[in-house]
């Protein structure tokens, strides 16, 4: 059966849900898709269709980032339901790096919890520019004053992580009660159910408060590979977020990083089960590649316009070392330290060879709160360019965040 074409009629925005485990992120995602199905041809998704990994169902927690799509009157959204559990922050780094804005879900019954704060810190580090807050489980809070206190605490927490706490819209509601109402009657109209109306109000705020991102469509094409599938009879598909530029079917691309660079032709493009002639920056797309075996391409590689980006192993970077209050290390580290470097969709072990202080003198160690330059050598080559951002992590915690300043090798 031929796939229908994806029609680009509305502005496309990538958003996601972040927040503490069990505060209701996936339930909210399901409620939003069902609530908005009248604006698009897409069917709403039930909770169990979003919560997809078997391990999640067993533990009732979300691990892999699940992509769903929905539309409001003005926009087309791709929505990432982000992991809510400490061990899965790794996926948040690769999943959240793709958000133009996020909905922070906080339980009105609990208020901000440790992971709420960890996700806010990560959102700041990976550059999620704007947030809207959904204060969930409002039905479980009997006293309106308690809810006001929680809202106040949320605003203070946002301020602490350098988000404008006074300005960010906070909408209270119950994702579960809205979802139950929508399952009972999928055609609920605005004004018929107070809980469904609160979801609509949330999405109106997302529409107006999260700005439409300026896409870098005039630059050369680059997409980090997030996943690889093989389709019988058609070949290998690499999926990911187009970071910049545009790509048409029939174009030549290079596959770069982790092993030798290869060149191939794009034989097809797909987004949300529909075909495209051209993909642009900001799309979550599947790229069908001619003559590439599934084993020859993996997560962490990039597809790029030929000759535009090269694999490197050694660079100098400007780095900020997190304080322990921000979730960083409690002790300093020295040259020779070998943490993980998270870049786009991959993590690679690297050795930190030397530090330089701001004044140009050699620093003997890096302690929390430092801003310094460091020379890093990775154990595998990946696509690196000046201005590229990365996170440094070790044993489940983020140690630092940096930007490549000079490529050395």
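Yeah, the Cβs are placed from backbone N, Cα and C, and that goes for glycine too.
Swiss-Prot lists region 'G3' for one of the ranges 81-84, 85-88, 89-92, namely 81-84. The feature region 'G1', as given by Swiss-Prot for the ranges 3-10, 11-18, 19-26, sits at 19-26. Each of the binding-site residues 19, 22, 25, 26, 138 was scored by how many other Cβ atoms lie within 10 Å of its Cβ, and the smallest score goes to 22.
In three-state terms derived from DSSP, residue 26 (Mg(2+) binding site) belongs to a helical segment. Counting in whole angstrom, residue 138 (GTP binding site) lies 16 from residue 26 (Mg(2+) binding site) by their C-alpha atoms. Counting residues of the region 'G4' (136-139) by DSSP class, helix then strand then coil, yields 2 helix, 1 strand, 1 coil.
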